[in-house]
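Please read the structure below before turning to the comments.
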Amino acid sequence: MLAVLPTVNAILISVSGILILWGIRLVRRGEPQRHQRVMLTATALAALFLVLYVTRVFLGGLSTFSGPGWLRPIYLAILISHFTLAMVQTPLVLITVWRGLRGLLPSHRRLGRVTWPIWVYVSATGVLVYGLLRFPYPS
């Protein structure tokens, strides 16, 4: 079961990132109800990802990079930016969603303009980290 969790997580966070982009498009097209549904779905998928990720790390430990030495600094730069922004993103998402659900739309919009690009970046780099960890490097 633990072996499939990284792939499941990559799928969850990919779909979440795609839904964020779709949700932004919907609100820009003047479809706030659809925007809300799509963004809440993206949030739910990201929350499920987080639960499964923490479960996998707790039960199976962290993954180590086994790629070629020249790629390690690139991997670490991506990983550090991903991890740092993921820690920033989590409270931003929670506050942005809360403000949207409470109808605090001016502050929701202001914070959302900061939150969504970070969320998309974290989603994309998460999938990239997954690929760099799982890619079968030739010996």
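The backbone N, Cα and C atoms fix where each Cβ goes, and this holds for glycine too.
Fair warning: this is a prediction, and the values are worked out from it, not measured in the lab.
According to TrEMBL, the features are:
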TRANSMEM  6-27  transmembrane segment
TRANSMEM  39-62  transmembrane segment
TRANSMEM  74-98  transmembrane segment
TRANSMEM  118-137  transmembrane segment
Report, as numbers and ranges, every residue of the chain located at least six residues beyond the transmembrane segment (6-27) whose Cβ falls under 8 Å of a Cβ in that stretch; write 'none' if there are none.
34-35, 38-39, 41-43, 45-46, 48-49, 52-53, 56, 63, 116, 119-120, 123-124, 126-127, 130-131, 133-134
What same-chain residues lie close to the transmembrane segment (74-98): Cβ under 8 Å, and 6 or more beyond its ends?
39-40, 43, 46, 50, 65, 67, 108, 111-112, 114-115, 118-119, 121-122, 125-126, 128-129, 132
